[in-house]
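Enquirer: I grabbed these lines from Swiss-Prot:
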| type | residues | note |
| --- | --- | --- |
| BINDING | D485, D491 | Mg(2+) binding site |
| DOMAIN | 552-611 | domain 'KH' |
| DOMAIN | 621-689 | domain 'S1 motif' |
| REGION | 689-708 | region 'Disordered' |
Amino acid sequence: MNEVIQTTVAGRTLKVDCEKVGMLSNCGMLISYGDTVVLINANASDKPREGIDFFPLSIEYEERLYSVGKIPGGFIKREGKPSEKAILNARAIDRPLRPLFPKGYRNDVQVVCTVLSVDQDNLPNIVAMNGASLALCISSIPFITPVGSVAVGLVDGNFIINPNLEDREKSTLNLTVCATKERVMMVEAGACEVPEDIMYDAIIFGFEECKKIALFQEEVMKKYGKKKDEPDLYKVNEDLEEEVRGFAFDMIKDAMYIVDRDERNKVLKDIDEKLEEQFSEDYADNKSDIADVVYRVKKEIVRGMLLKEHRRVDGREFDEVRPISCEVGFLPRAHGTGLFTRGLTQVMTVVTLGSLGDVQILDGVGLEDSKRYMHHYNFPSYSTGEVRPLRGPGRREIGHGALAEKALEPLIPMEEQFPYTIRLVSEVLSSNGSTSQASICGSTLALLDAGVPIKRPAAGIAMGLVTSEDLSQEEILTDIQGLEDFFGDMDFKVGGTEKGITAIQFDTKIHGLSNKCIKETLEKARTARLYILEKMKQCIPEHRAEVSKYAPKTYIMSIPPDKIRDVIGSGGKVINKIIAETGVKIDIKEDGKIFVMSEDSEGAKKALKIIDDLTREILVGEIYLGKVTKITNFGAFVEIHKGKEGLVHISKLDFTRVNKVEDIVSVGDEILVKVIEIDNQGRINLSRKDAIKDSEKKEQNEKDVQKK
């Protein structure tokens, strides 16, 4: 019988079964939390992959719609490629684990997290994070440091570990913390302008719970853990390394002290050519090894400059932001544009406003079924001056787009205030670090230019870190550029407003961050963010008073909910006819609110009138001007409103006897009619003679009033 090991996290049971499933995997296990169950399988190749200069770790997060009792939409009716949310979850699992593998380990490692059952009170991504760490610890793969993961919410001023669905809906913070028992490894957050001190307290609150989960994983590891494989670590031939360093170290060092990037890169390119000329004969098959040595030499020099000389490659102070320029409204036909430049990083963001029917439909394991605001991020090869095929967005592009989207989401106006679907596209035109944060800035500029009444402008900043070997010295860098990102120990991205933080994402290349480092980074990021916001304010201080003349206009009206069927009609016949006649887009909400969107105001007004006519209450005793639509031998049918017809019986057509209806009216005639009855089947009975009589009486009364 399989033994299930369990612990308690936030008052709920976390269970692990290490022997029930995945017998042929290096480690196959089930991990459950409440009714959420995730299958974890971890495997590694027997030998290192040849010809690469990176660690090939692959995290796959597989959502199965049967986990929530759904059948996939579309024609195929099975799961296809991972959803954006699944990709984001996979990236989040990867980040805290990758730095904890041995340096030089180049075996392929794959961890597959398959979501089998979802209880909406217990998030499957958090369960998968803990399961991935534990599976690697139990396996023979050389990974020995458990990582605990929790979600943290903030409700009524109180922190909550792994908030349930009700608490998540009320929470002003959606924070994920991953940590070993000693240090924080990774943080992701979306927040409603949470101040820095509260954000720091939330991270530490989550860290304390992560420690307990990491200790629990250690217990499971002791009981079920396999003997670890001896890793075959990549190492450059010592003689080759000594020769390359001796030949190139001083030249590279001189080059790294050149402040101008173009000039520095030109010198470094010349050094590469000299290296090839020098070592092409003796080490013809070791080009990748030479490149690895050169990379490590550059890294050593840049880190030495920062730690020992307190000097950055581009000459800036540690807390200095690169030069900033902002521009809006430069694409004439776009609904809103923002061009944000920071140093050699440049991002153009374009806003498109659409109807509420343009929302993105989501088909995943969560409760959210549509998205009205979306942000997409493109990173073409030309942004770094390179040549490569242009394909669809990769995981990195999806991740960066989601981060910028998260930073602005709490600032987007509600549907009732601004009834548009909003799509932002950030095009990276030039990249020298921190493009995701430049996307936040560019998006803010574009939204303001488009006339979107966002709550407050937001900006983003990427912070870096370099540490000594023993971690005793820590130097925090503001607004890191490319080299500082490549050779540094941390990428700490913070987005927010002048009031507080709206998004965080940080990960490290070392074994975690100290509490002191996290606190200082948040404080310095705030200072930089306020500086950037002031620069942006100088460009466009507030949103435009109106949306672009090229953007569609939205008109809103409300009808009784029981009249919705009259507007839609059988099989959508009525609403489709209105759309065809007027060229508008129509969205109807369950509460009877109707949104009519059109680039042509006349078309919108026509559609609104038709809907008003369709839904206006017909009152007994009221007189209407109607059009004769059909004649029978017993009377005439008259349309008094769009789609509303009544019968004028032949006896009600005139004061005298009528032998033929055609003697009084013809099809197409406009006549006054009075509603004399609406029967219990909703049929409307009309009278022409009563309408004439009442009209004549009204005219006489008006004449009498004038005489007096």
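Placed from the backbone N, Cα and C atoms, the Cβ positions cover glycine too.
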Enquirer: For the binding-site residues listed here, D485, D491, which shows the highest count of neighbouring CB atoms within 10 A?
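Expert: The residue with the densest Cβ neighbourhood is D491.
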Enquirer: How many helix, strand and coil residues does the domain 'S1 motif' (621-689) contain under DSSP?
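Expert: In the domain 'S1 motif' (621-689), the DSSP-based counts are 8 helix, 36 strand, 25 coil.
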Enquirer: DSSP on D485 (Mg(2+) binding site), three-state: which is it?
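Expert: For D485 (Mg(2+) binding site) - judged by DSSP and reduced to three states - the answer is helix.
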Enquirer: How many of the residues that make up the domain 'KH' (552-611) does DSSP mark as helix, as strand and as coil?
Expert: 32 helix, 16 strand, 12 coil
Enquirer: Over the span of the domain 'S1 motif' (621-689), how high is the average pLDDT in this prediction?
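Expert: Taking every residue in the domain 'S1 motif' (621-689) and averaging pLDDT yields 90.
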